[in-house]
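Notes follow once the structure below has been shown.
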Amino acid sequence: MATERVAEAFAPAKINLTLHVTGRRADGYHLLDSLVMFADLGDRLGVALADTPALTVTGPMAAGVPVDGRNLALRAAAYIGVNAAITLEKHLPAAAGIGGGSSDAAAVLRALAGLTGQPLPDDTERLGADVPICLYGRAVRMRGVGERLSPCDNAPALPALLVNPGVELPTARVFAGLECHDNPPMPDALPRFHSPRAMARWLMTMRNDLEAPARALAPRVGTALDALRHTAGAHMARMSGSGATVFALYDTGAEATAAAEVIRAAHPGWWVQPVTLG
Ligand SMILES: C[C@@](CO)(OP(=O)(O)O)[C@H](O)COP(=O)(O)OP(=O)(O)OC[C@H]1O[C@@H](n2ccc(N)nc2=O)[C@H](O)[C@@H]1O
Ligand SMILES: Nc1ncnc2c1ncn2[C@@H]1O[C@H](COP(=O)(O)OP(=O)(O)O)[C@@H](O)[C@H]1O
């Protein structure tokens with residue numbers, strides 16, 4: 001029976017600090033080895049049980065986000081067979097390599113589990129490859145196509161700057177541009193990270209294998225990476241997921257905020273957000 005109770009949910013940006021493409025399955029999906037953390041910035045949702053499914057999308061990044069059955073927030077409710085009225089305040093750019101849709105889906109699943117008492121479903125990767133990590137919601141290593149998760153409990157909070165240079169990159173197109181599908185994974189055992197600086201130094205020795213095809217499709221990714229690398233205090237810069245969002249890591253939030261001001265002044269049209277990753 002319908003109730004008025006609204007569960008509020010937060011859907012943080014997912015950042016792939018590394019993204020090694022290590023193989024390809026028979027169905028064409030690629031095998032990954034990726035270290036993922038989450039930002040303290042994301043979409044905000046309200047979820048209520050309802051007689052019929054409904055979705056309203058608002059917020060600064062709402063333009064172009066589907067409001068029909070293609071929206072992953074609605075698909076998540078349908079996946080567990082619950083009618084929900086959902087409000088989605090969009091703060092994350094879409095098709096940006098930071099998992100906005102997957103994180104929204106995970107937030108809806110969590111909210112509906114709380115409202116109905118149902119357990120979280122299995123096989124959530126069928127909703128989208130990133131949904132299991134977004135349900136996990138904190139620093140994690142993902143392998144397979146995203147369904148094999150190992151906790152990464154020793155990562156320090158990382159001051160970071162996220163920049164999206166205003167170009168949408170569909171994930172499938174970026175994977176299609178990969179020249180090599182069998183690249184080395186990360187080491188079996190990850191080191192212990194004692195500070196943001198130590199973690200950034202190690203991350204510099206890792207890769208995002210999708211960066212080259214993304215840069216070829218959207219040269220502005222390279223422009224944004226160069227701009228970040230030149231900001232004061234930046235240890236390293238890399239693309240997240242299949243792009244086009246890029247990030248840089250700093251020792252302090254003050255450095256990330258100062259870098260944001262520099263990038264905003266030079267590129268007023270870009271999406272520029274200092275955050276902390278955890
Ligand atoms: C690359 C990653 C890394 O975290 O992030 P995003 O760039 O999307 O944020 C994810 O694996 C993306 O997950 P998600 O966006 O949920 O992917 P899906 O919708 O399932 O897949 C979209 C398309 O990308 C390709 N794809 C996706 C994942 C994968 N491991 N191999 C692939 O080849 C396939 O062509 C697929 O049809
Ligand atoms: N809740 C949602 N928010 C954003 N995009 C969504 C959502 N649901 C479905 N989509 C569709 O999914 C595509 C990928 O968006 P998103 O999940 O943000 O990107 P990515 O896979 O690069 O992290 C978008 O182009 C959009 O059409």
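Glycine is no exception: its Cβ is also placed from the backbone N, Cα and C atoms.
Here TrEMBL flags LYS14, ASP130 as active site. According to TrEMBL, the ATP binding site annotation covers PRO93, ALA94, ALA95, ALA96, GLY97, ILE98, GLY99, GLY100, GLY101, SER102, SER103. Per TrEMBL, the feature domain 'GHMP kinase N-terminal' maps to 72-137. If you look up TrEMBL, you'll see 200-266 marked as domain 'GHMP kinase C-terminal'.
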(request) Please list, in sequence order, those recorded positions from LYS14, PRO93, ALA95, GLY97 with the Cβ less than 6 Å from ligand 2. (result) ALA95, GLY97
(message) With the Cβ atom as the reference point and anything under 6 Å counting, tell me which of the recorded positions (ALA95, GLY97, GLY99, GLY101, SER103, ASP130) are near ligand 1.
(response) GLY97, GLY99, ASP130
(request) Give the residue counts of the domain 'GHMP kinase C-terminal' (200-266) per reduced DSSP state, in the order helix, strand, coil. (result) 35 helix, 9 strand, 23 coil
(request) List which of the binding-site residues PRO93, ALA95, GLY99, SER103 have their Cα within 10 Å of the Cα of ASP130 (active site), in sequence order. (result) GLY99, SER103
(request) Measure from the CA atom of LYS14 (active site) to the CA atom of GLY97 (ATP binding site) and give the result in Å, rounded to a whole number. (result) 8
(message) Averaged over the domain 'GHMP kinase C-terminal' (200-266), what pLDDT does the predicted model reach?
(response) 98
(message) Roughly how many Å lie between the Cα atoms of GLY101 (ATP binding site) and LYS14 (active site), rounded to a whole value?
(response) 10
(request) Provide, as an integer number of angstrom, the distance between the C-alpha atoms of LYS14 (active site) and GLY99 (ATP binding site). (result) 6
